[in-house]
Each structure stands twice: as structure tokens, then as C-alpha cells.
Amino acid sequence: MPPTIRFQRLPGFDRDVPLPAYASEGAAAADLRANLLAPDRRHGLNLDPGARAQVPLGFAMAIPDRWEAQIRARSGLALREGLAIVNAPGTIDADYRGPVSVILVNLGQEAVRLRHGTRVAQMVVARVPRPIFREVEVLGGTARGPGGFGSTGTD
Ligand SMILES: O=c1ccn([C@H]2C[C@H](O)[C@@H](COP(=O)(O)OP(=O)(O)OP(=O)(O)O)O2)c(=O)[nH]1
């Protein structure tokens, strides 16, 4: 059984903006819509080239223990407008109950206007194995050893 993610709409935000939803049967990520406050709600949120913004989504959420949500860019917006997630992927912790937001940066050369209610990012919910961390004096050997950073060649 998949886990249940609970969403709570926050006061002051537009209740007509859909909560996260999968756009197709096989989609790995659920689309996230901007839920803007005045005055951005009317005019949209302007992002000049190089500028970044914290875009509110209008909800808080509860993810079960040992799960997380990853906020990722939408490829179409990335390609067309140069919109990227600054902290990609943004991490939503299972114990976080504050407002969920998306941190976007405009890497394009034109200003971008984010309209209220549009899909600005996407969210993957994934398991967190939470391994045990242990300090040791000696690590087990491997054929590679410390080799890295191109040690196997650059072709
Ligand atoms: O894109 C993001 C990233 C984070 N968060 C929320 C959920 C997350 O659980 C919390 C803290 O995020 P993170 O751990 O990445 O931030 P931090 O700078 O390390 O702060 P903290 O010391 O609060 O963990 O902020 C978002 O709403 N959007």
C-alpha cells in the first residue's frame, strides 16, 4: 500500500488552486501550483533574469516517517524560460509542518512572469532508508580504493 500524504490548506491562500496531483497514470512527480498572495495574485510574480523567488504553494503537509518529498524543476519551464530550482532537489522532511514553498531562479535572459495557480514545479515522494552511521578505524578494501575524479579515464 502506498503511504498517505496529508495536505492542509493554509489561511489566506486561494482554496480554488488545486493541491498537488499526478498529471498522468505513470507520472513519478505530482505538479505543484503557485498560490500567490496579493498583489502577486492579480499580476503574477515577476522574475527578472538572474533573480530568485520563494514561491508559496498555500499548504502544509504531513509525510509519514521514513519518507520525504523532493521538489524538482519542470522540464518545459526549464527549457522554455530557464526556470530552475535553486536548492534542487528541495527537501521536505517528514517532520516539517510549516508552509511548503518552492525556490525558483530565472537562469534565462528574459524576465518571467509566474501566474497565480500555474504549475511551477513538481514533487517526488520517496522512501528514506535512514542507515545507521558508525565510525570505524579501517574501511573494507576494494579494487578501486581511493581512485576517483577521472581515475578510470576521461573518455
Ligand atoms: O524547497 C524547499 C525546501 C525546504 N522546504 C521546507 C521543508 C523542509 O523540511 C524545511 C527545511 O528545509 P531544509 O532542511 O532544506 O532547510 P535548512 O536550511 O537545512 O533548514 P533547517 O535547519 O530548518 O533544516 O523547509 C520547503 O518548503 N521548500
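For all residues, glycine too, the Cβ spot is worked out from N, Cα and C.
Some features that TrEMBL has for this protein:
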- R74, S75, G76, N87, T91, I92, D93: substrate binding site (BINDING)
- 18-153: domain 'dUTPase-like' (DOMAIN)
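Location within the structure of each feature annotated in TrEMBL.
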{"residue": "R74", "record": "substrate binding site", "Cβ within 10 Å": "19"}
{"residue": "S75", "record": "substrate binding site", "Cβ within 10 Å": "9"}
{"residue": "G76", "record": "substrate binding site", "Cβ within 10 Å": "10"}
{"residue": "N87", "record": "substrate binding site", "Cβ within 10 Å": "11"}
{"residue": "T91", "record": "substrate binding site", "Cβ within 10 Å": "11"}
{"residue": "I92", "record": "substrate binding site", "Cβ within 10 Å": "20"}
{"residue": "D93", "record": "substrate binding site", "Cβ within 10 Å": "11"}
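Per-residue confidence over the domain 'dUTPase-like' (18-153) averages 97 (mean pLDDT, predicted model).
Checking the binding-site residues R74, S75, G76, I92 against ligand 1 with a 6 Å cutoff on the Cβ atom leaves I92, in sequence order. Largest Cα-to-Cα span within the substrate-binding set R74, S75, G76, N87, T91, I92, D93: 27 Å.
According to DSSP, the domain 'dUTPase-like' (18-153) comprises 11 helix, 48 strand, 77 coil.
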